[in-house]
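*Asks:* Got a structure for you, written out below as structure tokens; questions coming shortly.
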Amino acid sequence: MNHGGGADNGVSPGNVPVCYYGAAGRVPAALERRVRAAELFMRCAACGLAVLAAALLGADRQTRTFFSVEKAARFTDMQSLVFLVIANGMAACYSLLQGGRCLVSILTGGGVLINRPMAWAIFSCDQVMAYFTISAVAVAMEAAMIGKYGSQQFQWMKTCHLYKRFCAQAGGAVACAVAASLNMVGVSLVSAFNLFRLYGSGKGRK
């Protein structure tokens, strides 16, 4: 049996479908399909959750009257929530683009990665977006805790008892943002796997 031909057509000497990546080893086709499906699912989930979080915050508004003076609470009143909306908007757009790439790769049957530079680019962007969304969620959660319980050290009063509906909707948005950031972390792990398997030993290919 021609072993060299097996390396070219993606079939091992034992007639087991495999996928090859550059100069580094091989990956079983079954594992490759699972990796692609997991990446596509997490990117789509991250996109949907990020859009939901941004939409909930963008539409969050409550007006109350204090001594004949109306005061409206909006997400723009807190810079942390503005930052969260921007971060989730960017994460949604990025996840949509990358999800489209994954879908095209699955439909065409081509490899997820073409070369190491592309793998590094995807890995780096995924890492940046994961850290970006996590930082936005952390800031928003800190602001939410202050709004819920106040801060005696800084003499900041709690406000959520005055704007219960606003805080409830903002809390739901933050929960969606947390779920989106967790999916982004999962995506970054998958992209790390896709990258570092390119640097495996090439002995198995021979």
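Quick reminder: no glycine exception, Cβ is built from N, Cα and C everywhere.
Residues or ranges marked as domain 'Casparian strip membrane protein' in TrEMBL: 33-182. Among the features that TrEMBL reports, transmembrane segment is placed at 40-59, 80-97, 103-123, 130-150, 170-196.
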*Asks:* Do any residues of this chain, six or more beyond the ends of the transmembrane segment (80-97), have a C-beta under 8 angstroms from a C-beta of it, and if so which?
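*Replies:* For the transmembrane segment (80-97), the list is 43-44, 46-47, 50-51, 53-54, 57-58, 125, 129, 132-133, 135-137, 139-140, 142-143, 170, 173-174, 177, 180-181, 184, 187.
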*Asks:* Looking only at the domain 'Casparian strip membrane protein' (33-182), how are its residues distributed among DSSP helix, strand and coil?
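*Replies:* Split by secondary structure, the domain 'Casparian strip membrane protein' (33-182) comes out as 112 helix, 14 strand, 24 coil.
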*Asks:* Can you work out which residues elsewhere in the same chain, 6+ from the ends of the transmembrane segment (130-150), have a Cβ less than 8 Å from its Cβ atoms?
*Replies:* 50, 78, 80-81, 83-84, 86-88, 90-91, 156-160, 167, 170-171, 174, 177-178, 180-181, 184-185, 187-188
*Asks:* Counting only residues 6+ away from its ends, which parts of the chain sit with a Cβ under 8 Å from the transmembrane segment (40-59)?
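*Replies:* Distal contacts: 75, 81, 84-85, 88-89, 91-92, 95-96, 98-99, 102-103, 106, 133, 169-170, 172-174, 176-177, 179-180, 183-184, 186-187, 190.
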